[in-house]
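Read through the structure below, which is laid out as structure tokens, and then see the notes.
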Amino acid sequence: MAIQIFKVGLKDHSVLDPVLKRAREDLSSTLALVKPIVEDVKNRGDSALREYTQKFDEVIPPKSFVLEISKLNPKIDPKLKTALVKAAKNIRNFHKIQIPENKEIIIHGNKLGILHTPIESVSVYAPGGKALYPSTILMGVIPAKLAGVKNIQIVTPPRKGTLPDGLIAAAKIAGADRIVMAGGAQGIAAVSYGTESIPSSEFVVGPGNKFVTAAKVYLSGQGVIGIDSPAGPSEVLIIADDSADPMWVAADLLSQAEHGEDSVAILCTNSLSLAQKVKEEVEKALIERPKRGEMKRKSIKDHGKIFVFSNLEECFVFSNLFAPEHLEIQTKNFKKDLKKVKHAGSVFLGNYSPVAMGDYISGTNHILPTAGAARIYSSLGVSTFLKRVTWQEVSKKSIQNLYPHVKVLSEFEGLDEEHGNSVRIRR
């Protein structure tokens, strides 16, 4: 069985609710496994990290977990280097427009302002597993550099005790300072607490499996690090009408299924004809493009859906409830339809904007909130690595004019003896 078609309305809760709840899994069981690993790395440092690296990554741990990028000279295919440089340039140019201005305003004669200051040290997690992700290194490091972060390290699992030159090249092009060859919960713990050989970071970003996510959530809850949004399985929701190309829509669904067996791929449409054609194209593509076929088939079977609503308005209502990581809008009036979007990690407009463009080269960030977190989180960006510091310079005249209000408020809160007095003595 491939992808299923459902004719639905917004009140069909038995069909829609399980999809809306998708990967909001209870992390408690994973946290129970992760906590002792994290605490062990905290207490025993490199020694514990070596044991877990050999156990979970099934490699002989490297002699040194840390690679200083300035000392490395990776050898990669010129075409790969050109692509990485181009992607980095586009990412940098897009994220430059996110750099906020420090601002001032005068209120009642007082100067008030906002000062943006960077986090001092950041680790960017680049997943291991079934694929290599030099693009994630670019996506994590470049916004941090633009924000002014001075100390940036990559944390990623070793492959056969070392790292591919492609990952090292990406780190060098992006401007990272070092690479920490450690993955999973143990790697997150190492860069959070620091070890004998690994510097600690104040903030950790980047996608990973449920153990990485659980470690980030646990350490954040302990106040050890700050994190970006907790990551779940990759997902795409496509809203399309009969102007969309069914083969292209099918390809975009399968590009998400290619990430993993738990990836989510959903089409919402008002056209039963398009739905049927997309289903046929998905089945055809699974035969014609067999690479990672078992993974794609399981993803599509378990987490792939085609919903046929009576109109596009219902498609957008459902999408905003779902709050997808990636939202594609392949409709006749896609620019107008963008205004209907309330919750999404990143939006891809028109027939010529597949998610893969944002994954690699267009310049938007691919580190995005998943599992409905787009309702409250944004994509990774420059602001992720900045703190907003407010300041004020109060005049003597303002003290005199505003003290009566301070007196009333401090008395109401029962704090006039010291709060009120600190203003009163300055009149």
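Keep in mind that glycine also has a Cβ here, set from the backbone N, Cα and C atoms.
Positions annotated as NAD(+) binding site by Swiss-Prot: TYR125, GLN186, ASN209. Neighbour density for ASN209 (NAD(+) binding site): within 10 A of its CB lie 19 other CB atoms from the protein chains shown.
Among the features that Swiss-Prot reports, substrate binding site is placed at SER234, GLN256, HIS259, HIS326, ASP359, GLU413, HIS419, with the record citing sequence analysis. Sequence-distant neighbours of HIS419 (substrate binding site) (same chain, six or more apart, CB under 8 Å from its CB) are VAL406, SER410, GLU413, listed in sequence order.
The 10 Å shell around the Cβ of HIS259 (substrate binding site) contains 23 further Cβ atoms across the protein chains shown. Positions annotated as Zn(2+) binding site by Swiss-Prot, on the basis of sequence analysis: GLN256, HIS259, ASP359, HIS419.
A C-beta separation below 8 Å, combined with a sequence spacing of at least six in one chain, links GLU325 (active site, proton acceptor) to SER234, GLU235, VAL236, ALA344, GLY345, SER346, LEU368, PRO369, THR370, ALA374. Under DSSP, GLU325 (active site, proton acceptor) is assigned to coil, being neither helix nor strand in the three-state scheme. For GLU325 (among others), the entry in Swiss-Prot reads active site, proton acceptor.
Here Swiss-Prot flags HIS326 (among others) as active site, proton acceptor, drawing on sequence analysis.
Between the CA atoms of GLN256 (substrate binding site) and TYR125 (NAD(+) binding site) there is a gap of 20 Å.
According to DSSP, HIS419 (substrate binding site) is assigned to a helical segment.
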